[in-house]
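Shown next, in structure tokens, is the structure this report addresses.
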Amino acid sequence: MGSGGTGLLGTEWPLPLLLLFIMGGEALDSPPQILVHPQDQLLQGSGPAKMRCRSSGQPPPTIRWLLNGQPLSMATPDLHYLLPDGTLLLHRPSVQGRPQDDQNILSAILGVYTCEASNRLGTAVSRGARLSVAVLQEDFQIQPRDTVAVVGESLVLECGPPWGYPKPSVSWWKDGKPLVLQPGRRTVSGDSLMVSRAEKNDSGTYMCMATNNAGQRESRAARVSIQESQDHKEHLELLAVRIQLENVTLLNPEPVKGPKPGPSVWLSWKVSGPAAPAESYTALFRTQRSPRDQGSPWTEVLLRGLQSAKLGGLHWGQDYEFKVRPSSGRARGPDSNVLLLRLPEQVPSAPPQGVTLRSGNGSVFVSWAPPPAESHNGVIRGYQVWSLGNASLPAANWTVVGEQTQLEIATRLPGSYCVQVAAVTGAGAGELSTPVCLLLEQAMEQSARDPRKHVPWTLEQLRATLRRPEVIASSAVLLWLLLLGITVCIYRRRKAGVHLGPGLYRYTSEDAILKHRMDHSDSPWLADTWRSTSGSRDLSSSSSLSSRLGLDPRDPLEGRRSLISWDPRSPGVPLLPDTSTFYGSLIAEQPSSPPVRPSPKTPAARRFPSKLAGTSSPWASSDSLCSRRGLCSPRMSLTPTEAWKAKKKQELHQANSSPLLRGSHPMEIWAWELGSRASKNLSQSPGPNSGSPGEAPRAVVSWRAVGPQLHRNSSELASRPLPPTPLSLRGASSHDPQSQCVEKLQAPSSDPLPAAPLSVLNSSRPSSPQASFLSCPSPSSSNLSSSSLSSLEEEEDQDSVLTPEEVALCLELSDGEETPTNSVSPMPRAPSPPTTYGYISIPTCSGLADMGRAGGGVGSEVGNLLYPPRPCPTPTPSEGSLANGWGSASEDNVPSARASLVSSSDGSFLADTHFARALAVAVDSFGLSLDPREADCVFTDASSPPSPRGDLSLTRSFSLPLWEWRPDWLEDAEISHTQRLGRGLPPWPPDSRASSQRSWLTGAVPKAGDSS
């Protein structure tokens, strides 16, 4: 990615990363949850009790304990101590002094404990846990006493256990063994032992034992003796005694601490009869259930009085029947009358038993068992259920009527549910049961804890899950990442689309057009690198042209790399249109050839005045730079159609891949004349090593692309057949001062372009050995054909180098300074777009010089030449930029000239209106030719269709065959040429391949009669 990508990664990344960091941190935070709830504990022994509480959450929650709903103070570490993990240690206080003081101290730590975990996201409260302290004092409240009983009588042993928590249970032992109770004869009422109809075997030692979690306590041993009854006479006397029960009165209970005792009644009776009073009286009572009910068995209680006594062991809310019976020993008297007494109801003295909670389908089921019968204190009319207020459920109560012992509570949110149950009588609700709690976990937590138990998700559970902070944070992070990825993709697509825009700089790493159009075996190419030196070169320096082919020691090693890549073409590359590139380069090195005398039929060309010829070559026009070219000898005949067929249509012809663009200006031919060759010494051919100024070992005819630098792995351009060069005509003899350079375009009748009329230019001037003459073309570039390349061939083995004066003269010419020429306006052609530079074909200067020496009229070849004259104005800035490249080429510095030409084509002249002319002049100065842009089209077949220029035939006798080159041909030629020059040998051996190529290029000098 380019700088935009760097900016994206370097500038836009920190903000998303910071947001992800913050949101990720929030995603880890969670509200507190109670994992381990405290359990009921009992302080016993000397060790402390532990209330455990575990919670989870992020940040880690703070644990706080509450006692009976109030925050627990940690100011007394001897009673409470909080461990770092949240566990609460409860120490048992030391019991000293009176029991009353001990109870006050214990009440400070007894109660219901709850654990509260809180952080910045919320608070969680655990279920309540009750702390109990097991206490059992030493002293019994009532000790059993020694008793003497008579067989058949009732026996009561009273026992008051010591105070303790929990309330101690009382059991009786006889002779060191637990006493076996017998319903109806041996029963325990309260804490007292009652024996009805005592028997002889009931005698023994009885002991009361109190037991709770704190331990057990034993009372003193009481001795019981059962004696035989008195004489039978006493029994008969008792039958005459009459007992009248007068009153049964309910006694008010005395305020006592601890469990409330049952109700008591006061019985009063009256004895009548002749017999003596009885020794003892027994009270009998039973509960009355209904009139139709036969009633329960009577309960006998021995009274301690003779006319009145207190009777206990009753229950509130019951209807009782009372009566009194006298007795003396084993003798019993008749029973008294029966009195009815209804005891009022009281609140139940005991809570319901077995309270449980279980979760159901969106509800909690509460179930319980009735309290013990002796603690009903009336008729149980229903139950009251209280719910402790917490975060899950507010405080509420429900009433269950009748004997139902179950309640269903609807739940809305997960959490902790704690309930208490109390029995209700006519007097009200009794004692509450111990709080029982149930924790309802969420579905995910429950499934995680117990994977085997699958709980189906409901809509409420799904909503609760989606509302959790971690789920919301995770969703936000995923959404942000998705948006970030979409943004990056859009950015990359738009960034990649910039490289495919129109213009010259549209090259990518893999140019499919170049891959398809280049073949190492068919097309020559430029050297691998173009070395150029920074700065301009002195235009006055001169060197051999052979230095262009070798390494220039003045060029630095870090010079620019070639614009062309020699990477092999990738197979299977589709044929795509190329609407913004020039075509590739072809370099043909033409070997030197001896000068050939011009034909006497060649018409004389118009010459410049001697004052111009003596100093420098005149500037051609505002469309071109001063150049010196030699005319090539006649070419071998091979039309593009034949070349196309010979190559079996393997080359992608330029005319097939781009539309034919018509020129906007008339066709013009430029000609330069090196100088008069009328003198004898000039007409003679110099030696190979003479080194004369007029000698040129070779000429380079090249055509290459001027455009942006291609990627190194771009494939080679497709090779094209070289078109025939313009016809070389012979002028008058070298002694004739009037030399003419005439050239015309030859086109078949099928050519859509109109044929240019014959133009003969005549000019006279004094001959000079060093004079150079030029016939200037019109300011427009020619556009002969878009299907062939321009090739320039030398006729003379000379390469002239301009002097600084000549270059300066060319640059100083203005539009108003015209050379004396006879202008013949050529036939106008169809206009071409300004961006199309057309086909430029010029003869070499040496050829023009030969034609000037030949003199004479115009033969058959004259009709094929066209030399429209024009003035030579001062070049535009774009032309001046390109002139630097041409000047470098004149000084044997082809790499620098190439770099100058490319640098002048980097886009600075794209807005110049003279760009077409300047580029044509510069290209023509180097022997280059540019093809028009191809139209946007897509080739569907790998083989090119027939060229639309296939029928365009050039001269029947002068045409150029299809050149087949190897990619390393130029390097081999350079090495061979340099080695031969270093050894003093001719540039080309007679039997070498270069000679054959040279013969191809130069050919034989046509005779005067072959002009047709």
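Each residue, glycine too, has its Cβ placed from N, Cα and C.
From a predicted model like this one, the values you see are computed outputs, not experimental measurements.
Annotated in Swiss-Prot:
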- 1-27: signal peptide (SIGNAL)
- Cys53-Cys115: disulfide bond (DISULFID)
- 138-225: domain 'Ig-like C2-type 2' (DOMAIN)
- Cys159-Cys208: disulfide bond (DISULFID)
- 249-346: domain 'Fibronectin type-III 1' (DOMAIN)
- 760-771: compositional bias 'Polar residues' (COMPBIAS)
- Ser814: phosphoserine (MOD_RES)
- Ser947: phosphoserine (MOD_RES)
Write out the long-range same-chain contacts of Cys208 (disulfide bond), meaning residues 6 or more apart in sequence whose Cβ is under 8 Å from its Cβ.
Phe140, Gln143, Pro144, Leu157, Cys159, Pro161, Val170, Ser171, Trp172, Trp173, Asp191, Leu193, Glu218, Ser219
Summarise the model's confidence over the domain 'Ig-like C2-type 2' (138-225) as a mean pLDDT value.
89
For the domain 'Ig-like C2-type 2' (138-225), how many residues does DSSP put in helix, in strand and in coil?
3 helix, 45 strand, 40 coil
Cβ neighbours within the same chain of Cys115 (disulfide bond) - under 8 Å, at least six residues apart:
Ile34, His37, Pro38, Met51, Cys53, Ser55, Ile63, Arg64, Trp65, Leu66, Gly86, Leu88, Val125, Ser126
I'd like the per-state residue tally for the domain 'Fibronectin type-III 1' (249-346) from DSSP, helix first, then strand, then coil.
0 helix, 45 strand, 53 coil
I'd like the Cβ neighbour count for Cys159 (disulfide bond), meaning other Cβ atoms within 10 Å of its Cβ, all protein chains included.
26
